[in-house]
Amino acid sequence: ADETYPYSFLRDAADSPVYEQYDYIIVGGGTAGCPLAATLSRYFRVLVLERGPSPYGNANITRIENFGRSLNDTEGQFTPAQAFTSTDGVRNTRPRVLGGGSCLNAGFYTRASPDYVRRVGWDARLVNQSYPWVERVVAFVPQLGAFQSAFRAGLLETGVTPDNGATFDHIYGTKTGGSIFDHQGNRHTAADLLRYASARNILVLLRASVQRILFDTSGYQPRAIGVQYRDANSRMHIARLNSNRQSQVILSAGAMGSPQLLMLNGIGPRAHLESMGIRVLVNLPGVGQGMADNPMNTVYLLSPAPVETNLIQVVGITHYGSFIEAGSGELDGLSAGVLLEKVIGPRSSGQMTLTSLDAADNPQVTFNYFQDPEDLQSCVEGINQIEEIILSSSMRRFRYDAQALPSGGTVASPVRADSTLRSSVNVTLASFCRSTVQTIWHYHGGCQVGRVVDSDYHVLGVDALRVIDGSTFNFSPGTNPQATVMMLGRYMGLRIIAERMRR
């Protein structure tokens, strides 16, 4: 295999077999789809259909210093990212590459809290077996440079305590987390988890864009029996499940792709589907609902001292509903840090609707950033914390006196929030939060547990169809969700194997 195809089972969809049958057809070779496929292939015949290219051999994906280039590589049909803008006016990105969002993100790796696992109703023992399986391949403990060390000290100095050392666990206070970048600056993505796969049992097709899910409608409720997909030459192919009643189609197309595919195939809110001229297969009002995106707000810090090039390595997990993180590097030839705040949850959410009948087009999505006042308050407190960190003695060598602060004033003469100014500072910071909101690419929802899928991720009202990815989340796990999405792929693969072995 050449450099871009490190696995013998990786092929372009144009070279796909004419007719084969599978135990599992997984739509989307992303952050959940890759570990799920690798796990299931140990016992069953698996087909993965990924609409994008391979990440291997693309230095924009694999090298830390090129972070951001792949996020902006959105032109054409087979680039690793697809741009979209929510109706909120915030620019955003969908992954379109084997490995999914783990190929585009800033690399931070941290588990969900035991409390999250309890609330979701997962089997904690199996969760705790699944994370290490992921971590052996993709997670590293970073070595902190001068800027991250100063930022870490600044968090502690300004009261984000205790100091939790280096850990993948989610604990209140300040910690060094994990990263999917190794010490040489190489990114390790969910696609690397395919090394666990049984090569003789798996086929992964690239540039395979699924258009339709095929159903048998002769029984009590519709049963998925296969999919239709298009290759890069616009030729259509069909992949079918074998005749075993336990075989399944699994959507792992992400929080944009999975609800969109369900609706395009007649599973969703009746009125919306009929307005698009789609025949209703199952009236499922929850499809496309509960779309949420954790708002991110950033403060850039020009630095008189040189800074290392790195992405997120340290996090402050606060009690007021905000995560504080930082990165640093050269910005237009200048040394700069970026301090960012992300709202936990979030509480605000919106919905997705179709704009066309083509799976390649973006649906329309509304996230309703800061609609819930608690989200806004978390941002205000997070930005206030960032100001305190910038003004802390720990960060002294990395700031200029003329550095402007979001609440007004500068480092040399800050508008500090004493009791007389507090409310006006909060108004200023609230307006800063609203006007500078960005995405941190942690959007989720659209196929939520309880609304679209059951607790075993079966689509309600349909046989042999599951959704396993971040679209099923009711709220975002941990500081950054990729660890939990990868864990979920492994976890559900093990659950499905156990379920079949019992029968």
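The backbone N, Cα and C atoms fix where each Cβ goes, and this holds for glycine too.
Feature annotations, reproduced from TrEMBL:
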- V97, V210, W441, H442, G470, P481, Q482: FAD binding site (BINDING)
- C379-C433: disulfide bond (DISULFID)
- 22-295: domain 'Glucose-methanol-choline oxidoreductase N-terminal' (DOMAIN)
- 346-489: domain 'Glucose-methanol-choline oxidoreductase C-terminal' (DOMAIN)
Cα distance (Å, whole number) from C433 (disulfide bond) to G470 (FAD binding site): 25
Nearest-integer angstrom distance between the alpha carbons (Cα) of V97 (FAD binding site) and C433 (disulfide bond): 32
Residues V97, V210, W441, H442, G470, P481, Q482 [recorded FAD binders]: greatest CA to CA distance in Å: 25
Average model confidence [pLDDT] within the domain 'Glucose-methanol-choline oxidoreductase C-terminal' (346-489): 95
C433 (disulfide bond) and W441 (FAD binding site), Cα-Cα, nearest whole angstrom: 17
G470 (FAD binding site): secondary structure state under DSSP, collapsed to three categories: helix
Neighbourhood of H442 (FAD binding site), C-beta criterion under 8 angstroms, separation at least six: D293, N294, K342, S476, N480, P481
Protein Cβ atoms within 10 Å of C379 (disulfide bond), excluding its own: 28
Whole-number Å value for how far C379 (disulfide bond) lies from V210 (FAD binding site) (Cα to Cα): 39
Residue counts (helix, strand, coil, in that order) that DSSP gives for the domain 'Glucose-methanol-choline oxidoreductase C-terminal' (346-489): 50 helix, 22 strand, 72 coil
G470 (FAD binding site), number of other Cβ atoms within 10 Å: 28
